[in-house]
Amino acid sequence: MAIKRRKVSVIGAGFTGATTALMVAQKELGDVVLVDIPQMEGPTKGKALDMLESTPVQGVDVNITGTSSYEYTKDSDVVVITAGIARKPGMSRDDLVSTNAGIMKAVTKEVVKHSPNAYIIVLTNPADAMTYTVYKESGFPKNRVIGQSGVLDTARFRTFVAQELNLSVEDITGFVLGGHGDDMVPLIRYSYAGGIPLEKLLPQERIDAIVERTRKGGGEIVGLLGNGSAYYAPAASLAEMVEAILKDKKRVLPTIAYLEGEYGYEDIYVGVPTILGGDGIEKVIELDLTDEEKATFAKSIESVRNVMSALPKE
């Protein structure tokens, strides 16, 4: 029997989606399909063609297709969802949640129809609630629906620590629990530089400053750009997750996972350390938390549930 080429479909051809498609192609993880709405089919095809024409120079052998038709996504191994709208001035949180939940449902129906065995990674904000929506709509098992936030937050944290210590980012490890921004729970006790606990290398006030900058990381970039938000680091984070699944790497990564009793919580998607491999989220890693970490995580859970309360009722 012929060996099937791997396929990764990216839904949403904006800055993050297009950059994700390019990074997946550069890693030669499989053929790439970039999908957007019919009104954006021209630009989507143009971006995909531009990427495809770069492959001979980069020495990667993949097909890259731009389309508005989900037919091209048939039998995808992994589907990455970046589609959705950003919050606009005057838009309420409930409006944002409701609108993006509607988009998630429409996209998920197409994914289930054309790729019933796919693993789905969700980036669309608010990511915890949107991942939950995709999980419920798809009917897929929890290990095959995964959200992205912690990989990005951890990458930012590692970057800032490496800059502070003037060390290679490769030697910096760290973890965060919970959601993005102020809801992030930094696990400094599990953060190291070359195997040395961070607390042995930096004074507490510098660690606190790095944590705060990490929490505000997305906002810092928004402020500098003036229009738009981060997309290189989010795309790199998504590509890392796709690679972990397709290569069955058994990576220990913080992802948005469905909890069924872990950490004492039920029926919620939230950021926790996981083992990510060929069967998606293969395990949620439960860490012993201090009372302070438990309290901060509980606050993060409360915030996620608050956002989920704005999801349209069935």
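Using the three backbone atoms N, Cα and C, a Cβ is placed for every residue, glycine included.
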- So Swiss-Prot lists Gly12, Ala13, Gly14, Phe15, Thr16, Gly17, Asp36, Leu123, Thr124, Asn125 for NAD(+); which of Asn63, Asn100, Asn143 goes with them? Asn100
- Item | Of Arg93, Arg144, residue recorded by Swiss-Prot at the substrate site of Arg87, Asn125, Arg156 | Arg93
- Listing them in sequence order, which of the binding-site residues Gly14, Thr16, Asp36, Arg87, Arg93 have their Cα within 10 Å of that of Ser149 (phosphoserine)? none
- Message: Using a 10 Å radius around its CB, how many other CB atoms surround Leu123 (NAD(+) binding site)?
- Response: 28
- Item | Rounded distance in angstrom between the Cα atoms of Leu123 (NAD(+) binding site) and His180 (active site, proton acceptor) | 12
- Note on the structure: Cβ atoms other than its own within 10 Å of the Cβ of Thr16 (NAD(+) binding site), all chains, total 26
